[in-house]
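Visitor: Take a look at this one; I'll ask things after.
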């Protein structure tokens, strides 16, 4: 009898794709549908995953969220030159992470890299710390975007109200915040194919907003609010009280938060096709596009904000950007653009939750989180980790209770998200060069530039993490202090305490990433399996 065809054998044992084979080498089986696929290159369209990375940044809504960091710490000068100054350092960080992502594209990302590149003596602990830092980053990322969105919705109500005077109570603010989070949890619980297709819409809305601000705003701004080049590019306005040099450094929070979350696409690695190439290029391309668009937006705002910088900051509308739009466009047009910004911010928050749920799923897969046995589950109907989606939202709702403490307390979620991410970024980048390991670069590799780029990234993030612990003004009170060190320190204290807890602590059972699939077979074993399949096929036919 003739030997069975290759197609007959493949029906018995379908060959894994290149992505599945890469994931298997990292110790994991394929559990998600890879719907975040590269679109047709001849059409010059973006990757789904690159679109996710771009909308995760959400240039316009993110700038809106943190403009209050730049305006009091340098005004238009800090908005423009602070952005230009920070972007090269942001790119160095992105490039360092892109190399790691290309070498090992898994949803666990940062804590997986930390474990694989560290010394056996400390890799369990370092992986634990990075995993929890990354989890905190994701949860506070959702919380910060939803809080910013809450304030933006209140600003829309204020713009629409008579006399632009409206004040929401803390309970009303938290009610809006909770409603946003719950609705996003329902959206993100949908199937992966739906979420992947939504990235096209999200990308389009964000891109349109960028060009509206860059092109339409300067055209529509009345002469009274148009600034000269000397003012827009050279006026340093210090309203915070810090020395001008340090105030400028504090203003860098705006670009660092806006073009943050470089690991967003990393956590979608197991749902992206050609992940070893698509993920690193998604990181790099989103930074480049966001950097140039963000610079254009800040220049446009600097030329259109008028000379009363203090008035823009202390506007009764409650949002500097909203006041700039109101002055330039009038009530109706400003409200229309503002509603579009709210929609874009909602999309950013949804993507933050989407990415965060995948990171949480990966960490639970390795048994490191409380209730991991319940969090590590794929919903049979949607094919998504619905349990981790709701876990993220419940945690973010708990963080939202800081709004009842003070404005400064809830505003700390912005700096917590950045600082926690830097802890998670610094560790694997450092491990790669400090410890002896068998790092094998992927298709995206910087060669001799790897080390200097990584050094710049680590030094930069270490310095800025220290800066972000400072309060907004030199003279501060208990209510007005920077709560970043309190909240982040509290989280990390609990994580470390649980690791070293007697008998039940992670030190007794956590061993880093846990493989859930047999190691990928080499070519010889695959050939042997084909011969075995042929025997089975012949026997079956004979019978």
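Cβ coordinates come from backbone N, Cα and C, glycine included.
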Visitor: Between the candidate ranges 101-120, 201-220, 301-320, where does TrEMBL place the transmembrane segment annotation?
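Guide: Among 101-120, 201-220, 301-320, the range TrEMBL annotates as transmembrane segment is 201-220.
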Visitor: From the ranges 19-37, 171-189, pick the one that TrEMBL records as transmembrane segment.
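Guide: From TrEMBL, the annotated transmembrane segment range turns out to be 171-189.
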Visitor: Using a Cβ cut-off under 8 Å, which residues of the same chain at least 6 positions beyond either end of the transmembrane segment (334-356) come close to it?
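Guide: Counting only partners 6 or more residues beyond its ends, the transmembrane segment (334-356) has Cβ contacts under 8 Å with 52, 55-58, 60-62, 64-65, 135, 138-139, 141-142, 145-146, 148-149, 152-153, 155-156, 159-160, 180-181, 184-185, 187-188, 195, 198, 201-202, 205-206, 208-209, 212, 261, 263-264, 267-268, 321-322, 325-326, 328, 389, 392-393.
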Visitor: Residues sitting near the transmembrane segment (138-159): Cβ under 8 Å, six or more positions beyond its termini, same chain?
Guide: 58, 61, 64-66, 165-166, 168, 173, 176-177, 180-181, 184, 257, 261, 316-319, 322, 326, 331, 334-335, 338-339, 341-342, 345-346, 348-349, 352-353, 355-356, 359-360, 392-393, 395-396, 399-400, 403, 410-411, 413-414, 416-417, 420
Visitor: Who are the long-range neighbours of the transmembrane segment (171-189) in its own chain, taking Cβ under 8 Å and residues 6 or more past its ends?
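Guide: That would be 142, 146-147, 149-151, 153-154, 195, 346, 349-350, 353-354, 357, 379, 382, 384, 386, 389-390, 392-393, 396-397, 400-401, 403-404.
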